[in-house]
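The annotation disulfide bond is assigned in TrEMBL to 622-671, 633-687, 637-689.
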């Protein structure tokens, strides 16, 4: 037969069928179209990324077309509107199904109802997404902009105060602002004065015009000149009111109180209170000065109150509670002062402590120190000493000292019982690692191994050094102790040459991680790859081998050193946390040790088991008012076999964690119009490892 041989020229997305000796027929698989020798993915998408519709149009139309390939059998696509800045009160959220028959390309028109309200609002939009149970590719979602058509109400313009006060020797300043509504076109407001107990000899009655441009809200200020006389008189007042030829709604008049020159001392510059003190008249010619909040003194002299931590560094064990202490460093508190204490992540993060933002209040006259507790997270991870920062701040103008550092000392013994794992090291031995760099790399690997129990029944190690070629220097079943491992690393030869990750990754997949060479099927497996930037291209083969290693439960972690290209190396890891970019080898220690230990904690937390998950349900527009707890199967099953070579291909079959038994749970969901409807959902009751019923093959030659 020709199919499956080098003579098979069917497309990778086609099925080859031997119809007779020397004759084959190629058929594109579902979701692809073509003659079998060339197959193009069939995709459906919107004609535009953004559709615009006026709110009073009542409906919005979007169009679907076949953007690539061809429809070879009926395909049904669901067009589902989703909230964005527009809410459910702005459009109908009901999904619409659209079917493309064989040969059809569209466009297919889908109509959604738009709700025209009377509210003046910003333009809003909702998203339309595609989904399908058929074999078809789907393009990105589109958006529908709803253009508001409502006329805004006229703006309401008012004085900023009901009563203004001004000394006779100065000028009165009144403010005007837009209290509500929007200014959509220039609006001119006239400010006019009118006598009351004050007459024309007390103030300048000149009329002032104030203009608000489109979008302005103010406040805008008008200065009214007061006439300072030598007459001893009581307080007087006059009225200011607004008028306008526009449609603006104007507020009520305000009053301006003129304070006579012979006011008490605190209203003049005759007192000697400090600039940060409050002057209070206590009688004719008498007054009292009191320092403002956040200041301390006799009122004639006021100094800012200061708070600080009692130490610049606090040290705690991981299993203790961190306690930082705040002291009144300077001054006397006359009014309550609130200090905010906030934690800031550094090398310690939210896996090491519970972040806080806490207010601490010192009452008037209080001087005792205040304690703030911070919960530390005691894990089973062996890690270096880590630290985070605590910082003081206040909404008032008190002085606060410098931040303090909290250091967390790990309490986990390096001899703690771990689950044991297989760690493969792939050391960069290219020409760019000459001189002392290769030695630094080896020293780092030796130091790293000291965090784990290397030996039978614990952690096993295997080593590859790579340059132009890769060499499997040590197998998993050849190292008996940490001492042996360090000796083996010291004796690793320098390869030189150009970086060839393809061959090194191939060697890891086909030789390092094999049962024959000591790999254990039922323990966590990790491949740690070192690269200093000499590799300029990651080939498809290397990416596929890395993906296949992960399928085989081998976690690939990459350490990029110096000038290594982060975007390039990211192509062979599964998640950003598996790529550690550093300038020096030793900088990678905290993250790498923590990552490996989380992967290998006692109890094998990744085994196939029931997990309780709380989910927000949304079924046909009916939603749960609070999360519903359901059972799901999670974790990993040990691989049933290792990589097996068949005719130049490497194949892997695996076990999957699947639901064994289910139970039915009845939940009441809230639907439209505040109605409720009961739904039955399935929840996993037990789990088991079963065949995934799949095989993955790649050409690694």
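Think of each number as a place in line: the chain as shown, counted from 1.
Every residue, even glycine, has its Cβ placed from backbone N, Cα and C.
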Taking the Cβ of each of the disulfide-bonded residues and counting other Cβ atoms inside 10 Å, which one has the highest number: 622, 633, 671, 687?
687
What's the CA to CA span in angstrom from residue 687 (disulfide bond) over to residue 622 (disulfide bond)?
29
Distance check, please: Cα of residue 633 (disulfide bond) against Cα of residue 622 (disulfide bond), rounded to an integer number of angstrom.
25
